[in-house]
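If you look up Swiss-Prot, you'll see 24-243 marked as domain 'ABC transporter'. Swiss-Prot lists Gly57, Ile58, Asn59, Gly60, Ser61, Gly62, Lys63, Ser64 with the feature ATP binding site.
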Amino acid sequence: MSVSVNIENLTKEYRIYRNNKDRIKDALIPKNKNKTFYALDNVSLTAHEGDVIGLVGINGSGKSTLSNMIGGSISPSSGEITRHGDVSVIAINAGLNGQLTGVENIEFKMLCMGFKRKEIKKLMPEIIEFSELGEFIYQPVKKYSSGMRAKLGFSINITVNPDILVIDEALSVGDQTFTQKCLDKIYEFKAAKKTIFFVSHNIRQVREFCTKIAWIEGGKLKEFGELEEVLPDYEAFLKTFKKKSKAEQKEFRNKLDESRFVVK
């Protein structure tokens with residue numbers, strides 16, 4: 001299978017400032033030291049055509065940062081990411097403007113993707129029908145629930161038929177009927193040998209849908225490989241983690257976060 005996405009030593013860091021004074025000092029003094037937070041640290045993996053990669057990890061591990069970088073909405077601090085094909089990101093609010101109506105968002109987002117108005121007009125009825133939003137499609141998106149936003153975003157991105165699809169928790173909201181319809185559509189993409197990155201806390205969906213697993217912990221790639229090799233390790237970790245008290249879970253998260261801060 002051909003390589004669709006290649007990620008080499010991908011790192012995303014954020015300078016942490018306590019106040020505006022620290023921010024100004026950092027801008028004026030090149031060697032000024034401040035805390036740096038590593039959202040992602042030296043992540044490398046390769047995805048091939050037909051791969052369905054589940055990005056798993058507890059909240060705050062760096063899954064969404066990685067998915068946004070694959071989608072192109074976040075630039076890396078260092079490292080490289082090479083994409084062979086068009087990418088669409090399906091997240092609850094990805095690329096939606098709250099001031100615009102559903103129809104206007106469809107037009108705007110597809111224009112940004114490079115579609116011509118004639119093509120948009122042709123695809124518009126299909127997108128609206130798939131979204132199941134009815135008359136709400138003519139209302140401003142700021143009035144939408146999270147489930148309605150997810151429906152609109154999914155309908156746009158799935159209809160444009162991308163080569164690489166990134167799904168970030170978009171199936172965690174909304175009604176079960178629509179979720180199943182989305183899963184059926186995703187299975188069509190899987191059968192067509194598209195590359196899919198699937199961010200989810202739903203282990204059942206991950207097990208049924210994915211072929212490979214990338215386990216992110218504390219901004220680092222802890223494990224990456226075939227589903228049957230990595231998922232049992234992650235499930236064992238989750239079982240142990242969930243047995244901890246809330247205080248112990250908090251302590252575990254705090255230790256992970258502390259390891260991601262560096263003064264430089």
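Glycine too: its Cβ is placed from the backbone N, Cα and C atoms.
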So around the ATP site, Gly57, Ile58, Asn59, Gly60, Ser61, Gly62, Lys63, Ser64 aside, which residues have their CB within 8 A of the centroid of those CB atoms?
Ile216
Tell me which residues of the chain lie with their Cβ under 8 angstroms from that of Gly62 (ATP binding site), as long as they are six or more apart in sequence?
Ala39, Leu40, Val43, Ile216, Gly218, Gly219, Lys220
Which of the three DSSP states, helix, strand or coil, fits Ser64 (ATP binding site)?
helix
Write out the long-range same-chain contacts of Ile58 (ATP binding site), meaning residues 6 or more apart in sequence whose Cβ is under 8 Å from its Cβ.
Glu217, Phe241, Arg253
